[in-house]
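Trainee: Mind having a look at this structure? Questions to follow.
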Amino acid sequence: MALNPCFCISKSQITMMNEGCLPTMDLLRSEPMQLVQLIIPIEAAHRSISYLGDLGLVQFKDVPASVFFDSRCSFFLRFTINSQTRIFLMLPLPLLMDRICIIFQLNADKSPFQRTYATQIKRCGEMARTLRLFKEQMTKAGVSPSMQNTRNSVIDLDHLEVKLKELEADLLENKANNEKLQHTYNELVEYKLVLEKVGEFFSLAQNIAVAQQREHDVQTTVKGSIDSPLLLEQETTAFSAKQVKLGFISGLVPREKSIPFERILFRATRGNVFMKQAVIDKPVLDPISGEKVDKNVFVVFYSGERVKSKILKICDAFGANRYPFSDDLGKQFQMIREVSGKLSELKTTIDVGLLHWNTLLQSIGHQYEQWSLLLRREKAVYHTLNMLSFNVTRKCLLAEGWCPVFATSQIQKVLQRATRDCNSQVGAIFQVLQTKESPPTYFYTNKFTSSFQEIVDAYGVAKYQEANPGVYTIITFPFLFAVMFGDWGHGICILLASLYLIIREKKYSSQKLGDIMQMAFGGRYVIAMMAIFSIYTGFIYNEFFSVPFAIFAPSAYACRDPSCRDASTTGLIKVRNTYPFGLDPVWHGTRSELPFLNSLKMKMSILLGVCQMNLGIILSYFNAKYFGSSIDVWHQFVPQMIFLNSLFGYLSLIIIVKWFTGSQADLYHVMIYMFLSPTDDLGENQLFVGQKFLQLGLLLSALVAVPWMLLPKPFLLKKQHEEVYFEPIFFVSLFFFSFLIPITILKLDYHASQRHQGQSYSLLHSTDDPIESGPHSPHGHEEFEFSEVFVHQLIHTIEFVLGAVSNTASYLRLWALSLAHSELSSVFYDKVLLMAWEFNNTVILIVGVIVFICATVGVLLLMETLSAFLHALRLHWVEFQNKFYVGDGYKFAPFSFALLIDEDEL
């Protein structure tokens, strides 16, 4: 099934497609792939890989063991060696020692640090570290990278390295200076606070001391006697002799540590200190941490050097910052003036430094995205170059990789352009290799089909050229979802949400969304298709938020008399033609509605399930036919079709016959007694003439199909593998300066490097026409274990026989979820909205409407949507795809710069 190319490409691109430059967008089979070999001159290697990254159609791989001829020869020979082959070259070696060199490049055995371009990758890593530093500083400063001039200016990697080093040095120097200035500024702010608060301590203490002295003088004058002056002089002399000079330490301590700080000081000095604290109203910047901290100013008075040393140690332990203070009032004012002057100077200097800092970060931000993209590109190029292999003369590189067949001409043009741009005298060589290796799977999808293909790939990537379920998933997945979700009111709500995402896809595609939003945006076309099919099935079920409407015509039934108006069909007569589309609205609200809908939806689920399972088995036939496996056609497809349709195909037939004939036959009785008593008469359960003999024939066919699936295939495979394999001896003639040298290649043991998928390839003699890795390529000779094959076939047979029953029963989930959705919608409408309407109260009605909207959105539009989605997913993965889909392939992962745009980290 090929999609119309006009769906996503222009007329000019269609012309290119006809010339073989673009794929046909055939989703049924993956794009034909080929293993190619590129021989690139060393001077054009970087540019060639860069151009191929822009093209994005080559998947490179590590080059394994190889045999090359020297560049002086007119051509070279490459041997492909599997893990059980040895090679002897039986030739006159003296004649070839100066002409031939055998080189084994084992890139797979080299560590990343032993690769050729490891130095360049280290350079890129160092520049990436610098860019991460810039991004971190821009984030802290609130500067966002802009996309200005990212495509106009061109910068080389070497110039970028020099520029980044200069900017990093300037940035680090500016940062260090700013941090040093800020540290000094914070210390001066704390020092000023200490001068103010401690000065207040001393001033208050001095005022108290003066007041006390005056009071003491007055008392002495009033109560004094003749001898009092002499006694006072003696007391003063004695007090002066006993007076001791106290020392003090001032500073700031974090407020949360102030109480433990005071307690430890008291205990350590045994109470021989006096401490005073003052609270600072606003938090201050700590000079060490740079964070705002609530602090207290303290001053501690002590006596003795031992006590001082203890106080200093305790201050250091509690992170208290100490500052000097003078008890001289004149020096205090002088220090405050000096500190204030320094603070104003530092503030001006810091502002200038911050302005320069922001200007530097803004200049970096204008080019950050360009530098980041360039660095990611260069790093990807060098990683890819490390996968290439060098010849001994270091003048060319050998690359291998997968590419689509349609991209051959584009790759050749890219290589030619790279050679011209590098002024290389030797052009790159492009050749196709034959291979037994399984190629990667590549489906050329667009933004509509890609989301459906992702649903299939989540189960398993299709094997190369295997029939792709994604083609049918585009229709069957939203349809089965809609069968469970059918309500055209709910479908319209989901359609509007999906159309909103589709209309704004350009905006959202360039933004980084959350996980849930990104999931919904990525599946916007799947959601739109599910909504469209839900509207369709909603018209069939005739449900709009569980309310029926006579949209296409009036109901075909009417009351016989006015007494039969409510929940009963008693007395209804058919007065018009049958309702043209969907369910007649008269069924809703009747007592027979639920039994009728149960019967209808259950039988419809079985019909849909049998049809989809038959489609899966038919696709297995096309797979077997395409890959040339007649055994799978005659001993897998045919018996599976016979078994499934002999039982459940017959069940579908009698369901349809019963609908058309209006028979009252019990289908449960028919199917059960088809196995228990196949020879008994059907009686009133007979639907048509000859039904009994048809059932006997179908039952015998089903019984025959089981051993037919089990026995022939293992024995036929054994017979094929017992045939004798002869390996020919090849003779190759090489001409070297008029000498004819016969080379005989014999089969021996040789241990070569492990290749991807464990296969090998050989040289293609004609490199003009690209080959397609066809479906009939022979497989390598492998050891055959009959017991393993037989057990595998036995498991497969049992799985199919039991799965035919369980899978058919599994499709009944369509009936169950459809019924659950309909009943929930009816409950919300009847028990919330209508009940609120019956109260004739505006407030209750508003509350009822809000509850109805929340329940509809939260339960029916979100939870039920997710539930139906998961059930539809299971029906495709298990019931449908297991009939034909292997899914053991691996995705085509080309080297593409377009994929680097979505990367966030360097």
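Note that Cβ sites are derived from N, Cα and C of the backbone, with glycine treated the same way.
No curator has checked TrEMBL annotations; they are predicted automatically.
Straight from TrEMBL, here's the annotation block:
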type     : residues : note
COILED   : 157-184  : coiled coil
TRANSMEM : 479-503  : transmembrane segment
TRANSMEM : 524-541  : transmembrane segment
TRANSMEM : 604-622  : transmembrane segment
TRANSMEM : 642-661  : transmembrane segment
TRANSMEM : 693-712  : transmembrane segment
TRANSMEM : 724-745  : transmembrane segment
TRANSMEM : 843-863  : transmembrane segment
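Where in this structure would I find these features, and how exposed are they?
Mentor: Sequence-distant contacts of the coiled coil (157-184), counting only residues of its own chain at least 6 positions beyond either end whose CB sits under 8 Å from a CB of the stretch, comprise 123, 127, 130-131, 133-134, 137, 285, 287-288, 290, 346, 349-350, 353-354, 356-357, 360, 364, 371, 374-375, 378.
Distant neighbours of the transmembrane segment (604-622): 467, 469, 472, 476, 480, 483, 632-633, 636-637, 640-641, 644-645, 648-649, 651-652, 655-656, 804, 807-808, 810-815, 875, 879-885; these residues of the same chain sit at least 6 beyond its ends, with a Cβ under 8 Å from one of its Cβ atoms.
Note on the transmembrane segment (843-863): residues 487, 490, 493-494, 545, 821, 824-825, 828-829, 832-833, 835-837 of its chain, located 6 or more positions outside it, place their CB under 8 angstroms from a CB of the stretch.
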Trainee: What else in the chain is close to the transmembrane segment (642-661), if you only count residues 6 or more beyond its ends and a Cβ gap under 8 Å?
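Mentor: Same-chain residues near the transmembrane segment (642-661) but 6 or more away: 603, 606-607, 609-611, 613-614, 617, 667, 670-671, 687-688, 694-695, 698-699, 701-702, 704-706, 708-709, 800-801, 804, 808.
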